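Novice: TrEMBL lists these features:
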BINDING   B:Gly97, B:Gln98, B:Thr99, B:Gly100, B:Ala101, B:Gly102, B:Lys103, B:Ser104  ATP binding site
DOMAIN    B:5-288  domain 'Kinesin motor'
Amino acid sequence: MANVPWAEVCEKFQAALALSRVELHKNPEKEPYKSKYSARALLEEVKALLGPAPEDEDERPEAEDGPGAGDHALGLPAEVVEPEGPVAQRAVRLAVIEFHLGVNHIDTEELSAGEEHLVKCLRLLRRYRLSHDCISLCIQAQNNLGILWSEREEIETAQAYLESSEALYNQYMKEKLTEQERSKRFEKVYTHNLYYLAQVYQHLEMFEKAAHYCHSTLKRQLEHNAYHPIEWAINAATLSQFYINKLCFMEARHCLSAANVIFGQTGKISATEDTPEAEGEVPELYHQRKGEIARCWIKYCLTLMQNAQLSMQDNIGELDLDKQSELRALRKKELDEEESIRKKAVQFGTGELCDAISAVEEKVSYLRPLDFEEARELFLLGQHYVFEAKEFFQIDGYVTDHIEVVQDHSALFKVLAFFETDMERRCKMHKRRIAMLEPLTVDLNPQYYLLVNRQIQFEIAHAYYDMMDLKVAIADRLRDPDSHIVKKINNLNKSALKYYQLFLDSLRDPNKVFPEHIGEDVLRPAMLAKFRVARLYGKIITADPKKELENLATSLEHYKFIVDYCEKHPEAAQEIEVELELSKEMVSLLPTKMERFRTKMALT
Amino acid sequence: MSGASVKVAVRVRPFNSRETSKESKCIIQMQGNSTSIINPKNPKEAPKSFSFDYSYWSHTSPEDPCFASQNRVYNDIGKEMLLHAFEGYNVCIFAYGQTGAGKSYTMMGKQEESQAGIIPQLCEELFEKINDNCNEEMSYSVEVSYMEIYCERVRDLLNPKNKGNLRVREHPLLGPYVEDLSKLAVTSYTDIADLMDAGNKARTVAATNMNETSSRSHAVFTIVFTQKKHDNETNLSTEKVSKISLVDLAGSERADSTGAKGTRLKEGANINKSLTTLGKVISALAEV
């Protein structure tokens, strides 16, 4: 056997590792890979010093080098073959060098060479795969091959390598003898494995599985104390949004509660090697993340309330008492199933941490609110987080974010109004919405914030419209509606008209001409706006018959526009079926009504 | 404004020395404004054709009558942009393609005779028009900024010593802007040329074994052009401000952030190595 100068080998290897770990931006700007190339040269020298690879390894057929190669061993009882003796030792040492060479080539974008080295590494280790010395290296090599194949956009091959790693880990953990200790680094390798699988499943559009693996990754980070509180918290809060979209509110609440608890740990835990934040940015980042987590909570409250509204509203958007009773009856069943659902879900933390998270969870419902009291609780929580979010997302600096938070606040009021039975109080809620939205239209430059401006104008108009309808309903209940309430109704009508008109005007071109063909993205709102303008003109209360006739004429004009446009553009007809039907009716009824009016006027 | 508000042009460059030495075959053909591509693995297959607003055949040389020169590209694209800017509109041009495809050549070009790209030609004509103006009532001002986006950080190329990362903020009236980005007034084409030169030298260009010069950053050159008209009768002034944005994107083979280890997140089936990207992966899930 060749005499291996062991000291020299170790020295060169350590030097190579040190160079590999040099951060890229520490290299000269024009040679970002300089340290990597130097590391590679040293690794090649070490390889030469170690001598040739053991012969029988090289004779194995190449067919066994694929990702499935490890699998046939998994069906058999685990053969933990320890690498003993000089041949085995050499194989393992060479495998280590091949691994580092493989990663080196991948890091410098030389994928083919990288693949060759990694495959050689696996081949050298094959026999000793499940041994204590080699398992970690084997999994890492397979993980890197998984990453490599995903770069080549062969996602199924990547999946095979990564799932093989996962299986290998599970096999090893099942078979390991109790005296073998689990090294921190080994566990970290497996956490990475789960993370890579999460990404693979995401690319394969297996989203539930991807979320599950992200969830597991987060859980393991907590268990092994390998996390930075701010980063972990925002990741958990972001994951809650996935669950909210899937209407899994219990899981979402768990993620958000955990986020709160862990975020509160900031300052008490020192940064680990996984944390990238630069020194000077930390205080600002803390406040930003706090605001972002608050926004995730707002979405939780809002979506839960809106989901309840959706399941309890009738065909005109009002509360349906029958549906409400049905859901009340369902509630008991939901509570019974709660324990079994909780057991199946991935839970964060044990012991103290678990208790802290539960303490937060207990204050928030995950069930759809069925009445005003339950809705109000969620509303208040959402509003609390609105104020917290606005602390960081101020309008100067974060226009888009600030507005989204205000829009969410308005939406919270709107959905709460659905549960409110008293009409005056409902009016007040819409008034609050208008009060928070109107200032935004004044301050924003329409050139830069066109879309957002339109959204706000439309929403304000609709709020005034709803308020007007409510006041009319209130007036109908009074024996003698006085002039005061009539004035109020007309003012609300005027305001609604103003904002619908502003919205419609925003669609005009620089020469103030209304488009012949309305763009697909604004088609439905534009048609709805026209429809509501028509209806509003028909609802102006006036004692002056001449004025009334004028209003009816304007109303008719707008209904006609809708009918004519939908004839010319059939795709528009599909967007507003209901309103189109009503418009056609009005187009046929109004002229007669107006004629009768004229005759009456002529007679008096 | 005439016609569509977005125009797309495609341009093909001559072979470089590596391609020539490997006796590469040209798989692109152009006819009028359409470009067609042959499948080298299956030459018998019919070529696939695509229509663009402009297809520029620059694979051969100026002797070829079909050759599209720097001048031709500018006359088609640059002149129209300048016209719209004078009308008061904002205009923007992006150059997109792999490293080495010729983006910087088309946008900046070379200092040699008739090899100037769109940007220098546009700036030159801008000042020609300004200087040719005889109307007393009109006055003009031109300001430029030049920034680079590299590894998710914004750098001021006209003030590269400012090592800090410039923040992108939104102002309700001024819209989105880069905080503390230098905006320098220029009064002649030479002023702009000097600034562009200095900025270009400050750009991040790095070499690896795989590419000789690989451009890893996006560069955005912005001209803010203000036209003031003073009406002598009414003594009122009106102002038109237009922004001309000229963007040279980084090599599209690494579309998102470039350079730093483990922070890439491409749209393709790539896997991110470092757990620092867990947040991005989860965000993507939440958006589905």
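We count from 1, first residue shown onward.
Glycine is no exception: its Cβ is also placed from the backbone N, Cα and C atoms.
Where the annotation comes from TrEMBL, it is an automatic prediction and has not been curated.
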Novice: Looking at the binding-site residues B:Gly97, B:Gln98, B:Thr99, B:Gly100, B:Gly102, which ones have a CB within reach of chain A, meaning under 8 Å Cβ to CB?
Specialist: none
Novice: Going by a 10 angstroms cut-off between Cβ atoms, which of the binding-site residues B:Gln98, B:Thr99, B:Ser104 has the sparsest surroundings?
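Specialist: Least crowded of the binding-site residues B:Gln98, B:Thr99, B:Ser104, by Cβ count within 10 Å, is B:Gln98.
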Novice: Among all protein chains shown, how many Cβ atoms are found within 10 Å of the Cβ of B:Lys103 (ATP binding site), not counting that one?
Specialist: 25
Novice: Quick one: average pLDDT across the domain 'Kinesin motor' (B:5-288), no decimals.
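Specialist: That stretch averages a pLDDT of 84.
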Novice: For B:Ser104 (ATP binding site), just give me the three-state DSSP call.
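Specialist: Its secondary structure by DSSP: helix.
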Novice: Is it possible to get the count of other C-beta atoms within 10 angstroms of the C-beta of B:Gly100 (ATP binding site)?
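Specialist: Looking across every protein chain shown, the total is 18.
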Novice: Within 10 Å of the Cβ of B:Ala101 (ATP binding site), how many other Cβ atoms can you find? Include all protein chains, please.
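Specialist: B:Ala101 (ATP binding site) is surrounded by 17 other Cβ atoms within 10 Å.
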